[in-house]
Amino acid sequence: MTNINLPDPVAADLLARHALLRGLPPLAAAEVAAYLVGDAVPLRAEAGQTLFGEGDVARHYLLVGQGQAEVMRYGFNGDERVFRVFEAGTLMAHAAMFMPHGRYPMQARARTAFQGWRLCRRRLHEACRQWPDLALALLAGLSKNLYDQVNKVDWMTSSSAPERLANYLMGLRERQGDVVTLPLNQRQLAAHLGIRAETLSRLLNDWQTQGHVSGKRREWVLHAPAYLEKLATTAKRPF
């Protein structure tokens, strides 16, 4: 993993279009973005390289410029559990900048060839003091993430394996259409859904036999979205 020289204006423009700053007036968003990337360190990594480790001191958060990265943990049995995949234009680990223990709660690594920037924790804290609207936007985002996680725990304890898989596939369909690429391999996806890998494989085989889906490995076509939507209905909340 090596540092590279990319123009900071590229990072500033990308950050100014992030949802965190989108609610600010355009001039303020540009000013805040320029401040946050003021001492940004450009970063490049190859697929599979670690960007930061679980338990490392959290001095920086990351802005993804190109490629994909993921945050994950290893379970007690050694299985990987991927919690989220980050794509170009997203921020990674900015919530960790406010954790009292000051450490990264998960490991991050590049999924593909990765290019981005390390942004400074200190500058984020100072920006929140200088621009209260930024602090409010951060609180709103963190509150939404907390709400989503509470709903996810409730959903995981009350739903069946077919319902979880259908809801996951319908989420991908919203972004990709009827032809979807799974961002996780099947073992990682099973862990993400809280089911056994054998159960996931059997479900996909059954649905393929019934004509609801077709494909293999990470590439799938959703032939019966209405069927999947009906299974996923219980995951929908009124607000």
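Positions of Cβ are set from backbone N, Cα and C atoms, glycine also.
A TrEMBL annotation is a machine prediction, not a hand-curated record.
Residues or ranges marked as domain 'Cyclic nucleotide-binding' by TrEMBL: 20-126.
Looking at the domain 'HTH crp-type' (159-226) alone, the prediction's average pLDDT is 94. Positions annotated as domain 'HTH crp-type' by TrEMBL: 159-226.
Residue counts for the domain 'HTH crp-type' (159-226) by DSSP state, with H, G and I taken as helix and E and B as strand, are 39 helix, 11 strand, 18 coil.
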